Each structure stands twice: as C-alpha cells, then as structure tokens.
Amino acid sequence: MKRTLPLPSLERLCGIYGLLDSLPETLGNRVSSRELGRAIGQTAETVRKDIAHMKADIVSAGGYDPAELKGAIASYLGLQEPRRACIAGLGRLGQAILRYPGFQDAGIEICAGFDSDTNKLELLASPVPLLPSYRITEYVQKEKISLGIIAVPPDQAQITADRLTAGGVRGIVNFTVPVSVPETVNMRHVSVLDELRILAALADGADQNIQEK
C-alpha cells in the first residue's frame, strides 16, 4: 500500500471493498460513486477522490464495475495475500469472533485462540488450536501471525498487547481498555460504548450544533 494514502481514505476504501460483494441486485452490473458514497455515508466526490488515489486504470463512465473496482482496491491495499491472525481472550466476545464465518472470504485466517483460563480451553470446541495466554509470544512467533485481536478483561489488556507485539504482531484490533504498543505496531481501538455515545450525540445534533460531516 502506498504510504501517501491518508488514513481516512484507507478507511473509506476498506468500507467500499467490504460492501462490493453485497450490493443490491437492483444496481445491476455498474455502481456509481453516488451509490457507493451513500452506502458508506460519504459524498460522491469523496469516493471519486479516494478511488483516484489508487491511480488504477478503472473505467468510471456509467459507474464502476464492482469486480474490477474490488480487484483494484485489493491490489492497491495488498489484500490479495491471506493474513494470519489470532484472538486473545475467549469470553463471549472472543468466542463469537472465533466462530465468525466471514474471515476466510475477507482473506483473514484465524490461526489460534488464547485465554488465561485453562479449564475454559479444555471445554471449548474450536477448529483452531486454543492455548494458554502465556504461550502467546512463542506461538505467534512460530506461526508467523501478523494480526491480533484483544478481547480480554481490562486488567489483562496491557500484558496481552505486550505478548502479541513481542511475538511479532504488526497490527492489533483492541476491544478492551486502551493499551500502549510500539510505534511499529498499528492498533485500532474499538469501543461499542463510545460508538453509541457518538450516535446518541449525533441524534441530538440539531440541538447541539453537531455536524455529522
């Protein structure tokens, strides 16, 4: 991926990439920048600028061909190669993520799950190895896992992040409290509560002078 791509553009291109397989049949075999923008909450102009960042040879007259556009985004962002990932924390959230069927289609291979409760590991059925948390660093390094998902209790968050980064993980999706990671590691902090607060504020935006865009 080109380093000159702004993060907001990366986020939008990933959003477009994810929805191209689920476009309504009523759109036919072409999709316009306006339709893409509406789907991800952006303007048609913003979508066109993001696509232009890729400098790909894409025909846009009459709309984009979904398969062609998806292929161009995959090539530009380096999404053709499968990425190996693991989950740390096998509570209800971690188990739900572990069982999610959409990872393979997205080019993500979940290779392992980790938890500090060894009794839980013995009881859970899983298609991938389930290991105690103290083995994170060794196993991640051995299996060349590059992405990690943290879904542990708050008091285990930092040590889990430390173990993942020590094993060589380059990117983390964090569902718990904020943690510190080296500058070479990219982290996305996901808080459902924060998102609900934002939506609640936006819902009252007319009264609070909040602009969604």
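For all residues, glycine too, the Cβ spot is worked out from N, Cα and C.
All annotation found in TrEMBL is predicted automatically rather than curated by experts.
The DNA-binding region feature in TrEMBL is assigned to 15-54. Secondary structure by DSSP for the DNA-binding region (15-54): 29 helix, 1 strand, 10 coil.
Feature annotation from TrEMBL assigns NAD(+) binding site to Gly89, Leu90, Gly91, Arg92, Leu93, Gly94. Secondary structure at Gly94 (NAD(+) binding site), as computed by DSSP, is helix. The Cβ of Gly94 (NAD(+) binding site) lies under 8 Å from the Cβ of Ile87, Ala88, Gly113, Asp115, Ile149, Ala151, Val152, each of which sits 6+ residues away along the same chain.
Helix, strand and coil residue tallies for the domain 'CoA-binding' (79-179), in that order: 39 helix, 25 strand, 37 coil [DSSP]. What TrEMBL lists as domain 'CoA-binding' is 79-179.
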Listed binding-site residues (Gly89, Gly91), ranked by Cβ neighbours within 10 Å, top entry: Gly89
Leu90 (NAD(+) binding site) CB neighbourhood, other CB atoms within 10 A: 24
